[in-house]
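Undergrad: Pasting a structure below so you can have a look.
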């Protein structure tokens, strides 16, 4: 009898200890720092998201300004391809402004304006990347001169984005959409129809174009053989230099669009349960178009941005004061020529005008 009582007491004691451990574990999990932070400080998460969004947008903004400065410094705006890169940089600059613009606004005119601005310049930057690819394809594969396509390119690159950004505005589908204003969670089909499906379709088509361009370029470079021809070698080097930086632009758009796509897919499936880590990766990568474009651009121009190269470029830019002055007869001097080896009399007239700055331009 005594043994049974002692055994029951021990079993009850063990069960109480197990129950206490389970309850303590549940309490610890429920009140872990991560859970407590997520439940008690939701405003902190919003502040982190907005801070990251502004920081990445600011980096892209500075990168676009740097690209425009280098373009001006090195005069990289002579050919049509270079002008198109400048237009892409301008579109990426204004796209970055949307991410730095401010907090997520409540529904209203300001929120609609931010959403329209973001959609328009996202589409403009994408359109210029597509047109750069198309222009290279026409030049190299189809062998078509495209200098006269500059105005149609601008109409397409600024006109189609205007149409795509106005459609949700006319329907009233813009509103708060997470860290910024865009198409709201109630219109998921419009999010994918307006942006994500066209985006990845165009990235796929651009990748196919670049595969074709690289194959044709390699075939032509291998077919150029025979005696040395300076003009032919110059064309080969120009071909390689033109393709090398431009082929990375579709890859840039693919990389910075993966996390936004994953986050929007999760939002479509679980609209009431956003994931903080996905949202953070979204706002970290989406504003990076300008910074990524600057990185691609710098791969082609970094060798020219040494201290000596920058100094010479600045001198060329700031000190080139060649002027065409008005001719004044009173400022002309006539001098007799020195004796020459020729038997014929030779009279040289030297013209001098103090209003003209002459530079030795070389032979």
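Cβ atoms here come from the backbone N, Cα and C positions, even for glycine.
I grabbed these lines from TrEMBL:
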DOMAIN    49-205  domain 'G-protein coupled receptors family 2 profile 2'
TRANSMEM  55-74  transmembrane segment
TRANSMEM  81-100  transmembrane segment
TRANSMEM  120-141  transmembrane segment
TRANSMEM  153-174  transmembrane segment
TRANSMEM  194-215  transmembrane segment
Undergrad: What parts of the chain pack near the transmembrane segment (55-74), using Cβ distances under 8 Å and only residues at least 6 beyond its ends?
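TA: Sequence-remote neighbours of the transmembrane segment (55-74) are 82, 85-86, 89-90, 92-93, 95-100, 283-291, 293-295, 297-298, 301, 304-305, 310, 313-314, 317.
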Undergrad: Going along the chain, which residues at least six beyond the ends of the transmembrane segment (153-174) come within the CB cut-off of under 8 Å?
TA: 84, 87, 91, 111-112, 115-116, 119-124, 127-128, 131, 135, 181-184, 186-187, 190, 194
